[in-house]
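Have a look at the structure below before the remarks.
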Amino acid sequence: MSREGYPNFEEVEIPDFQETNNTVPDLDDLELEYDQYKNNENNDTFNDKDLESNSVAKHNAVNSSKGVKGSKIDYFNPSDVSLYDNSVSQFEETTVSLKEYYDHSIRSHLTVKGACSYLKSVFPIINWLPHYNFSWFTADLIAGITIGCVLVPQSMSYAQVATLPAQYGLYSSFIGAYSYSFFATSKDVCIGPVAVMSLQTAKVIADVTAKYPDGDSAITGPVIATTLALLCGIISAAVGFLRLGFLVELISLNAVAGFMTGSAFNILWGQVPALMGYNSLVNTRAATYKVVIETLKHLPDTKLDAVFGLIPLFLLYVWKWWCGTYGPRLNDRYNSKNPRLHKIIKWTYFYAQASRNGIIIIVFTCIGWAITRGKSKSERPISILGSVPSGLKEVGVFHVPPGLMSKLGPNLPASIIVLLLEHIAISKSFGRINDYKVVPDQELIAIGVSNLLGTFFNAYPATGSFSRSALKAKCNVRTPLSGLFSGSCVLLALYCLTGAFFYIPKATLSAVIIHAVSDLLASYQTTWNFWKMNPLDFICFIVTVLITVFASIEDGIYFAMCWSCAMLILKVAFPAGKFLGRVEVAEVTDAYVRPDSDVVSYVSENNNGISTLEDGGEDDKESSTKYVTNSSKKIETNVQTKGFDSPSSSISQPRIKYHTKWIPFDHKYTRELNPDVQILPPPDGVLVYRLSESYTYLNCSRHYNIITEEVKKVTRRGQLIRHRKKSDRPWNDPGPWEAPAFLKNLKFWKKRENDPESMENAPSTSVDVERDDRPLLKILCLDFSQVAQTDATALQSLVDLRKAINQYADRQVEFHFVGIISPWVKRGLISRGFGTLNEEYSDESIVAGHTSYHVARVPQGEENPEKYSVYTASGTNLPFFHIDIPDFAKWDI
């Protein structure tokens with residue numbers, strides 16, 4: 001039985017060898033024939049081949065003094081750029097140095113000008129205060145007073161959430177509003193007590209108080225809250241001054257929305273007992289689900305306070321609906337023809353909605369005064385706020401009790417995260433809406449300084465409020481200076497209205513809290529958008545809410561933070577590396593989009609891949625183009641062309657020039673290209689691989705495995721393992737198992753070999769070991785256009801990959817790199833011998849080097865717009881580094 005010889009590879013004829021009878025050929029003979037095959041192949045590799053020539057310049061093969069053949073590709077049409085003798089000017093590319101990095105990225109920040117710029121950035125008010133005018137003042141005054149009217153009742157309500165007396169909420173409000181004006185980069189954010197931070201403060205007070213079972217008189221709730229503000233302020237300011245605000249970006253928006261929704265749900269149910277009048281019967285510091293259960297159990301214990309809670313809550317929602325939705329809709333419907341009246345009613349609705357909290361509290365405070373005046377605490381039918389000290393009490397340097405800071409340590413990370421994330425998320429959101437830039441580092445400084453100054457007034461932690469910031473933006477505030485007017489309103493209330501605050505019903509404050517906090521609950525549209533944008537974000541959001549509700553707010557915060565970091569690491573550790581194929585694409589401008597979806601195949605196409613419309617004649621103003629649809633029907637279409645005059649008085653024809661684009665093979669899934677387009681594989685012996693993330697120690701092993709598996713799958717060995725002695729084969733790749741001679745002579749083995757069923761059940765190999773038609777790997781092109789950085793571990797993995805592939809291919813495989821965007825990545829690659837041929841890893845006699853350079857053309861000026869200067873785009877000393885993926889189909893491989 002005769003057997004055919006080796007496959008025809010690179011037009012090399014391999015002598016056939018015959019096998020007679022059924023005996024196994026001698027290994028020495030096979031090795032001799034294989035050596036002859038390799039010699040013929042190598043000799044043919046260095047022979048110059050005839051190259052075709054056409055209107056576009058083709059390759060010019062040049063044999064170097066070392067015997068390495070280089071081929072040069074002309075990427076420009078000769079009508080555009082003329083390259084003499086297909087040559088490029090020499091350009092020696094150097095590697096980046098530490099001095100260059102210092103000059104480029106560091107030097108400018110260490111100068112006197114840089115120091116002045118830094119100091120100026122700490123006080124943004126310096127940039128806009130000289131331009132302050134009366135129009136800005138009027139807008140800021142109106143917005144500031146409006147926010148002040150909202151801030152007073154809200155700050156007292158949130159102090160109740162924090163289990164603190166009402167005056168501490170007022171202290172935090174006025175000092176936060178004052179100090180933020182001088183450090184802010186957002187004109188809309190309002191600093192003060194907020195719901196989530198107040199809840200966290202209450203948790204901290206409860207935890208720290210539990211650590212003092214004997215009841216130290218110096219460790220009170222206000223002292224713990226002020227100490228927490230001190231520590232949060234120091235850390236926030238330090239992070240801002242050191243410009244480490246990017247750390248806040250590690251937690252994603254969906255994670256922030258998750259724990260804010262869970263916290264809002266916690267606050268809402270925590271205020272229901274006070275709303276109904278049985279607050280002392282329910283432990284509102286327990287897990288949320290327990291609070292819900294206990295609240296429902298004690299519904300029969302409802303008191304008269306429910307009247308002062310449920311009615312205000314109902315009125316607040318009706319008020320919001322009428323003034324925010326239905327009233328403006330009626331105004332637009334019936335007053336659109338009277339612009340002046342329409343504007344008056346519009347602003348009336350707006351300010352009525354903004355003042356709803358204050359008006360409700362004033363009304364029910366009057367009722368509370370009427371029914372509780374002159375009665376003792378036990379005789380009062382409802383719970384009222386009680387005594388609120390007038391003015392600023394105990395102003396001065398705050399002294400921290402010994403040992404208190406260490407007790408706060410375990411609660412500090414969660415508190416800082418709540419303090420920073422909510423504020424940064426709010427400020428950046430309004431910055432996008434109102435078209436101004438928010439500097440996160442400076443915002444951290446503003447929060448830190450505000451809380452540090454607050455310790456002189458016994459304030460508790462304050463940060464940005466979403467509801468007040470939204471109201472401030474709707475008031476058309478112009479500068480952060482409006483905070484001065486808001487703070488003045490709070491200060492005025494502290495000195496003039498504390499007597500009236502005594503009669504505020506606690507149930508009414510709970511109604512205000514529930515009404516304000518309900519806006520923090522994520523709507524079903526937000527939840528559904530998370531699912532549509534990314535299911536993983538949806539899962540993070542839901543799980544964070546559940547953990548916050550069924551465990552604690554701290555656990556929800558830590559889970560959200562860990563989830564965000566885990567997703568970041570997993571995306572880097574498991575990159576979506578892709579092997580690429582090629583397709584010819586072209587840009588068609590001002591094209592007519594046909595309503596049908598048939599695929600068009602142009603019949604008239606020249607040799608350069610340029611499709612043109614067929615000219616119907618010199619006098620004919622219409623030219624016809626034939627195309628073929630996917631239903632195999634020829635359709636003739638008349639395309640009207642614009643009659644631009646040309647020197648030959650002929651109609652200019654549209655030209656579509658195609659170029660090679662490299663696309664992943666799984667483009668049907670990635671939607672990078674029309675799924676009906678067939679991706680052509682690279683030429684034989686070429687693999688193109690795109691890395692989708694930075695090439696680091698986290699993912700280098702995965703890339704190594706993906707590439708080696710693909711190499712072994714689509715290419716054959718340089719030295720077939722069947723033609724090697726068994727003793728020379730590696731233990732981890734010994735080849736197919738063959739039965740020993742004594743086993744083949746046994747009767748049952750012969751019967752097994754002749755049994756059709758056993759042949760069907762025998763393991764099959766994807767490649768015929770007798771005849772392997774797969775090509776030899778010659779070029780591995782790595783697309784580094786998305787690789788921002790690399791490290792020593794990854795570079796060593798790349799060296800190991802080169803060694804393994806060279807050993808598999810039995811030759812030096814060329815490693816080409818495309819689109820390197822970092823000079824440090826290029827420096828690392830060069831240090832490990834990449835960028836050109838490396839004779840250290842293989843015998844030069846089996847290397848066929850291919851050189852390809854990109855050139856760039858630059859117009860010489862307006863005087864000679866048709867003349868260009870041509871430069872070499874990449875270093876000629878590094879021929880394996882490219883700006884774009886070469887068109888390997890044009891290479892002489």
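The backbone N, Cα and C atoms fix where each Cβ goes, and this holds for glycine too.
Membrane topology of SER186 relative to TYR697, as recorded in Swiss-Prot: same side.
According to DSSP, the topological domain 'Extracellular' (372-399) comprises 1 helix, 1 strand, 26 coil.
Most Cβ pairs under 8 Å to the transmembrane segment (245-265), among the stretches 132-152, 306-326, 351-371, 533-551, 560-580, belong to 533-551. Long-range contacts of the transmembrane segment (400-420) within the same chain, counting only residues at least 6 positions beyond its ends with a Cβ under 8 Å from a Cβ of the stretch, are 196-197, 200-201, 203-204, 207-208, 211, 216, 218-219, 223-224, 227-228, 230-232, 235-236, 239, 248, 251, 259, 444, 447, 451, 461, 463, 553-554, 557-558, 561. For the topological domain 'Extracellular' (552-559), the model's average pLDDT works out to 88. Long-range contacts of the transmembrane segment (222-242) within the same chain: residues 122, 162, 164-165, 168, 172, 201, 204-205, 208-209, 398, 400-401, 404-405, 408, 411-412, 415-416, 419-420, 441-452, 454-455, 458-462, each at least 6 residues beyond the stretch ends and with a Cβ under 8 Å from a Cβ of the stretch. Residues 156, 165-167, 171, 226-227, 230, 274, 277, 279, 303-305, 308, 455-458, 494-495, 498-499, 501-507, 509 of the same chain sit 6 or more residues outside the topological domain 'Extracellular' (372-399) yet have a Cβ under 8 Å from a Cβ within it.
Sorting each residue of the topological domain 'Cytoplasmic' (185-188) by its DSSP state yields 0 helix, 0 strand, 4 coil.
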